[in-house]
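Participant: Handing you a structure now.
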Amino acid sequence: MTDSVTPVDVKDVAESGISSDVNQAETNQITEKVNLLGLSQAKLEAFFESIGEKKFRATQVLKWIHQMGVDDFDNMTNISKALREKLKRIAEVRPPEVVQQLDSADGTRKFLIKVTGGSAVETVLIPDGERGTLCVSSQVGCSLDCSFCSTGKQGFNRDLTAAEIIGQVWLAAKSYGQFGEDRPRIITNVVMMGMGEPLLNFDNVVDSMNLMMHDNCYGLSKRRVTLSTSGVVPALDRLGQYTDACLAVSLHAPNDELRNELVPINKKYPIAMLLDSAKRYIEGLPDNRRKMTIEYTLINQVNDRPHHAHELAQLLKDIPVKINLIPFNPFDQSDYRRVSNNALRTFQDILIKAGYTTTVRTTRGDDIDAACGQLAGAVNDRTRRSERYRNQVKDSVEAVRIVN
Ligand code: SF4
């Protein structure tokens, strides 16, 4: 009986396109259901056509899933019973599983989300007055190994599927009771700034961001969905063909020598190349008044000196930017230290005097390790990088013990 088909590990058809013949699949009684959660409108339409149904079913199902928070076909009441039964046999709406939810005293909420292969990723909701910003992960770990980043130290396992990415928004919306008609909107902004480099998981990230902005789904404005990249230039060059979301560039240094140290991908795609590509993206947006955000993590005595601020101001002239300064959040495997308040103020003043809108990201969710750069999840590391870092930490602890 096909009703007893057991879904296998997350396998989102978005990864392979929807061209597979679902009727054939049903006939063959394959043991894999199509997870509709991560499908864009176009892919969902293709899915319904492939099972001999009308395209408009896609709109109905999108609304049920992403506006009403329904994951049970039986509750999709404007769909005929026969179609619901058919869907139950071949498809599912399967969000990822929350294994832990932590609430900070300041209102920040962190979700630890189980993904296949023994790993977990983190998603954080940061409330701030009327605004609620959800920081979403795109990969299990990260392959880029930025020297100041906790995620980078975890190594890399795999890309998240589109269902796992949009599933983070779905789960957060559910936990705040946001689904349903006339409910207050808690998630007002989404930033692709969690674990992973979004542009290295291009298709799934683009599909997910477009679902966030889609009128039949979460309906977020394109000004409220932001992709943050450390600089995968070839992918950034393509981005404008697929989305018009906001862009943030994780710069963290005003020159290549320093950035090579902090953000190793800079050796491949240096600053000039990255800023040119980012500028083209911003200039190509339909509304040409938007600015890109430059993220700059300030690390004590590393990149926080006044001459760095002057160099940054010079570097960014002629580019439409606002600058977001992020005080480094220390974590176990790092020797870097947090910028001092004085150095932070001086740095900000120099940029403001140079004419830049410059904000400082306040640390939120410290008590639950949810601050920027601290998302670590649990990565079943395929790169052995985490082992290397653990050994380094062990060696330095041992060295201190011997000296003492
Ligand atoms: S800062 Fe971003 S790109 Fe760099 S290692 Fe961390 S998650 Fe990856």
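Glycine is treated like the rest: Cβ placed from N, Cα and C.
Just so you know, TrEMBL annotations never went through curation; they're auto-generated.
As listed in TrEMBL for this protein:
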type: ACT_SITE; residues: Glu122; note: active site, proton acceptor
type: ACT_SITE; residues: Cys372; note: active site, S-methylcysteine intermediate
type: BINDING; residues: Cys142, Cys146, Cys149; note: [4Fe-4S] cluster binding site
type: BINDING; residues: Gly196, Glu197, Ser228, Ser250, Leu251, His252, Asn329; note: S-adenosyl-L-methionine binding site
type: DISULFID; residues: Cys135-Cys372; note: disulfide bond
type: DOMAIN; residues: 128-369; note: domain 'Radical SAM core'
Participant: Three states by DSSP: which one describes Cys149 ([4Fe-4S] cluster binding site)?
Facilitator: coil
Participant: Considering all pairs of residues in Gly196, Glu197, Ser228, Ser250, Leu251, His252, Asn329, annotated in the record as contacting S-adenosyl-L-methionine, what is the maximal C-alpha distance expressed in whole angstrom?
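Facilitator: So the maximum pairwise Cα distance among the S-adenosyl-L-methionine binders is 19 Å.
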Participant: Given the [4Fe-4S] cluster site residues Cys142, Cys146, Cys149, which other residues of that chain have a Cβ within 8 Å of the mean position of their Cβ atoms, reported in sequence order?
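Facilitator: Near the [4Fe-4S] cluster site, the remaining chain residues are Leu144, Asp145, Phe148, Ser150, Thr151, Gly152, Lys153, Glu197, Ser230, Val263.
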Participant: Which one is closest to Glu197 (S-adenosyl-L-methionine binding site) in space, judged by CA to CA distance, out of the recorded positions Glu122, Cys135, Cys142, Cys146, Cys149?
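Facilitator: That would be Cys142, nearest by Cα distance.
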Participant: Among the recorded positions Glu122, Cys135, Cys146, Cys149, report those whose Cα falls within 10 Å of that of Asn329 (S-adenosyl-L-methionine binding site); none is a fine answer.
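Facilitator: So far as Cα distances go, the recorded positions lying within 10 Å of Asn329 (S-adenosyl-L-methionine binding site) are Cys149.
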Participant: How many other Cβ atoms sit within 10 Å of the Cβ of Leu251 (S-adenosyl-L-methionine binding site)?
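Facilitator: A count of 27.
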Participant: Give the subset of the binding-site residues Cys142, Cys146, Cys149, Glu197, His252, Asn329 lying near ligand 1, defined as CB under 6 A from any of its atoms.
Facilitator: Cys142, Cys146, Cys149, Glu197
Participant: Please identify which of Ser228, Ser250, Asn329 has the densest Cβ environment, defined as other Cβ atoms within 10 Å, among these binding-site residues.
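Facilitator: The most densely surrounded of these binding-site residues is Ser250.
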Participant: Quick one: pull the CA-CA distance for Glu122 (active site, proton acceptor) versus Cys135 (disulfide bond), whole Å only.
Facilitator: 9
Participant: Taking the Cα atoms as reference points, how far is Cys135 (disulfide bond) from Ser228 (S-adenosyl-L-methionine binding site) in Å?
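Facilitator: Ser228 (S-adenosyl-L-methionine binding site) has its Cα 10 Å from the Cα of Cys135 (disulfide bond).
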Participant: Select the closest residue to Gly196 (S-adenosyl-L-methionine binding site) from the following binding-site residues, measuring between CA atoms: Cys142, Cys146, Cys149.
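Facilitator: Its closest listed neighbour, by Cα, is Cys142.
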Participant: What is the interatomic distance between the Cα atoms of Cys149 ([4Fe-4S] cluster binding site) and Ser250 (S-adenosyl-L-methionine binding site), given in whole Å?
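Facilitator: That comes out at 12 Å between the alpha carbons.
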Participant: In sequence order, which same-chain residues at least six apart have a C-beta under 8 angstroms from Cys146 ([4Fe-4S] cluster binding site)?
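Facilitator: Same-chain residues close to Cys146 ([4Fe-4S] cluster binding site) (Cβ under 8 Å, separated by 6 or more) are Gly152, Ser230, Ser250, His252, Leu262, Val263, Pro264.
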Participant: For Ser228 (S-adenosyl-L-methionine binding site) and Cys142 ([4Fe-4S] cluster binding site), what Cα-Cα distance in Å is obtained after rounding to a whole number?
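Facilitator: Between the alpha carbons of Ser228 (S-adenosyl-L-methionine binding site) and Cys142 ([4Fe-4S] cluster binding site) there are 14 Å.
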Participant: Measuring Cα to Cα, how far is Cys142 ([4Fe-4S] cluster binding site) from Leu251 (S-adenosyl-L-methionine binding site) in Å?
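Facilitator: Approximately 17 Å lies between the Cα of Cys142 ([4Fe-4S] cluster binding site) and that of Leu251 (S-adenosyl-L-methionine binding site).
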